[in-house]
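Q: Could you have a look at this structure, given as structure tokens, before my questions?
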Amino acid sequence: MATVEPKLILLFSGKRKSGKDYVTDLIHKRLGPDVCCILRLSGPLKQQYAQDHGLDFEELLGAGEYKEKYRADMIQWGEKQREKDPGFFCRVAIKAAQQSIWIVSDTRRLSDLQWFWREYPSQSRCVRVEASEETRRERGWEFTTGIDDAESECGLDQGVDFDWIIKNEGDGSQLEEQLATGLLSIAKQKAKED
């Protein structure tokens, strides 16, 4: 487990190219690195996958073609690992967390949420980032069978009561307003609590 008990855990989900990383990076900048950290469940998954398959871990972390080439197989491999131990990637991701606010930028499955709800019930909040298909296409998304219809993309489409739904369209002015009026103010308040 982590060495620091978190005051707030923001569990982000959303479709590919919805802008999860953009939103979580923005929140991280607003709160600051001494208050919050970004945790990626895909990081430990990609690291182990790269190690097991002799691949470049840094390239798998990027947003380019290298990752896309291995995405479908990596998803299947990750599912097999989760079947054996649903909390494995969650436990690895939080190990180095030292800050009081955790941002998990890539919760993709109900089992991810369930693990955090079970381990940190009072701190965990679910955030959904949404963007229209048109906006996602403008960002380079193209529907891919076996990826966009897999659990890793659709597992949280239903059955989750999100604490916040963030619309990430257009120039970002609405995004700033959405963050400032809800999520950021609560995170700042939690960070000040003893």
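Just so you know, glycine gets a Cβ as well, placed from its N, Cα and C.
According to TrEMBL, the record shows the following:
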type: BINDING; residues: Lys15, Arg16, Lys17, Ser18, Gly19, Lys20, Asp21, Arg139, Gln178; note: ATP binding site
type: BINDING; residues: Asn168; note: substrate binding site
Q: Give me the largest Cα to Cα distance among Lys15, Arg16, Lys17, Ser18, Gly19, Lys20, Asp21, Arg139, Gln178, the residues the record lists as binding ATP, in Å as a whole number.
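A: So the binding residues stretch over 21 Å, Cα to Cα.
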Q: Are there any residues at least 6 positions away along the chain from Lys15 (ATP binding site) with a Cβ closer than 8 Å to its Cβ? List them or say none.
A: Glu130, Ala131, Arg136, Trp141, Asp148, Glu153
Q: Applying a 10 Å Cβ distance cut-off over all chains shown, what neighbour count does Asp21 (ATP binding site) have?
A: 16
Q: Taking every protein chain in this structure into account, which of the binding-site residues Asn168, Gln178 has the most other Cβ atoms within 10 Å of its Cβ?
A: Asn168
Q: Where Gln178 (ATP binding site) and the residue listed as 'substrate binding site' are concerned, what is their Cα separation in Å, rounded?
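A: About 10 Å separate the Cα atoms of these two residues.
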Q: If one looks at the chain holding Gly19 (ATP binding site), which residues at least 6 apart in sequence have a CB under 8 angstroms from its CB?
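A: Listed in sequence order, they are Val129, Ala131, Arg139, Asn168.
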Q: By a simple count, how many Cβ atoms lie within 10 Å of the Cβ of Lys17 (ATP binding site), its own Cβ left out?
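A: For Lys17 (ATP binding site), the 10 Å Cβ neighbour count is 19.
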